[in-house]
Structures are given as structure tokens and as C-alpha cells.
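Trainee: This is the structure I have questions about; it appears just below.
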Ligand SMILES: O=P(O)(O)OC[C@H]1O[C@H](OP(=O)(O)OP(=O)(O)O)[C@H](O)[C@@H]1O
Ligand SMILES: O=c1cc[nH]c(=O)[nH]1
Ligand SMILES: [Mg+2]
């Protein structure tokens, strides 16, 4: 399943992020707001179970979330999506996977991994602003599957068809959510038009 949200509020904020004139503070704030808006859509099909509740007027059957949610940002840039999603799912647990892309080969390299227990019983949301070649996302999904995850959503801001195809080929069971689908990759593996290097723009490292 691939869902490209294309929501006017998200597109407006993403347009501000795309501008090369947008500084670190506004870039981060827009990303945080988009994460919250995306979370609302991504959570639409979370499983629920009936629960008996006594209101001040009488008994009723309500519904509560029946599975833990585990958010897994791909370090570094994925951190920019974490707080916005957690505002909507404050009980979510958080796992981390550190991944950098070799600038020449574009191959992902894992340098850190720490996950909560029971990934096999949870809905696992892997989050990263950029889905370029798809190498980092595929490797992150491999890592959580190795630890038992079987209900996985990949949440990215900007993707390209190459990256989506790579994830769908390696992990056809994973639902993919994008705020926008861009055109292509350039010769350096950057998304065109994209928004540049997300990690550098979030953390001011360029
Ligand atoms: O789809 P891919 O071709 O794998 O590229 C996407 C990855 O590249 C960026 O991370 P980067 O390696 O720049 O690390 P950073 O988050 O520390 O900046 C981005 O945040 C993704 O993780
Ligand atoms: O366009 C891109 C591609 C990979 N990583 C980024 O941060 N931006
Ligand atoms: Mg980067």
C-alpha cells in the first residue's frame, strides 16, 4: 500500500521547507507540524478493541488502541518527525536506528540500534523525511523484521518512484506513506526537486 497524502496544509508547510531561504528554525518547525498532520492519517487504521466504560450517565462500549505503537526514527533526520507523531500517540514507545548513506556508493551503513521489547506485538512506524534510493529504509525495515516486527509502516516526507519501488520489492508487506512524491534522483542521489539534505537542514550542520 502506498499513500501520497497531498494535503493542502502539508503541501503548504512542505513548500516552505523546500525553499533554500528557509533557515533551521522554520525548517524544523514545519517538519514537526507536518509530522503531526501525517500521524493523524497514518494512524487511521490502527487496531482497536472494545472496552466497557461507565459514563456519568450510564454504561457504554468504547474502543481503545489494542496494539502498542513503536516509532523508529532513522537517525539523524528521522528525529525531526518524532515529537510531532508522539503528540498524537503519547503512549508510543521509541526505538532508534542510526544509518548514514555513503556519499559515493549511496549504500546505507548502520551505526546504532536500540529497540523496545515486543516488536512482534506492535505496530512499528519507521520514520525518515527522505526516501531516495530506498536503501536506508529497506535496511531499517530489515533490522526491525530481524527483531520480530510484522506490522510495519514507513512514514516519509518526500519520496521518489525509485525509492518506493525498492521498498515495495524488498518488503511488499510494508505500508508506505508520503507527504509528496517528487520526480527523480539526481546524479548524487539527491531528490529532485526535494529539499536538499534533510539532516543538515534540521541540525544546521552545513
Ligand atoms: O533512500 P536513501 O538513498 O537511503 O537516502 C535517504 C537517507 O539519506 C538521508 O540520511 P543521511 O545518510 O544523509 O544521514 P543523516 O540523517 O544523518 O543526515 C535521509 O535522512 C535518509 O535516511
Ligand atoms: O534528497 C535527499 C536524499 C537523501 N537524503 C537527503 O537528506 N536528501
Ligand atoms: Mg543527511
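Our numbering is plain: 1 for the first residue shown, then up by one each step along the chain.
Just so it is clear, glycine is given a Cβ too, placed from its N, Cα and C backbone atoms.
Automated prediction, rather than curation, is the source of TrEMBL annotations.
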Trainee: According to TrEMBL, 76, 128, 129, 130, 131, 132, 133, 134, 135, 136, 197 bind 5-phospho-alpha-D-ribose 1-diphosphate; so which of 87, 101, 147 is the extra one listed there?
Mentor: 101
Trainee: Where the criterion is a Cβ under 6 Å from an atom of ligand 3, which of the binding-site residues 76, 132, 134, 136, 191, 197 meet it?
Mentor: 197
Trainee: Scan 76, 128, 134, 136 for binding-site residues whose C-beta lands under 6 Å from an atom of ligand 2 and note them, or write none.
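Mentor: Once distances to ligand 2 are taken from each Cβ, none falls under 6 Å.
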Trainee: DSSP three-state call for residue 198 (uracil binding site): helix, strand or coil?
Mentor: helix
Trainee: Just to be sure I understand the packing, how many Cβ atoms besides its own are within 10 Å of the Cβ of residue 130 (5-phospho-alpha-D-ribose 1-diphosphate binding site)?
Mentor: 26
Trainee: What three-state class does DSSP give residue 136 (5-phospho-alpha-D-ribose 1-diphosphate binding site)?
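Mentor: Where residue 136 (5-phospho-alpha-D-ribose 1-diphosphate binding site) sits, the three-state DSSP reduction gives helix.
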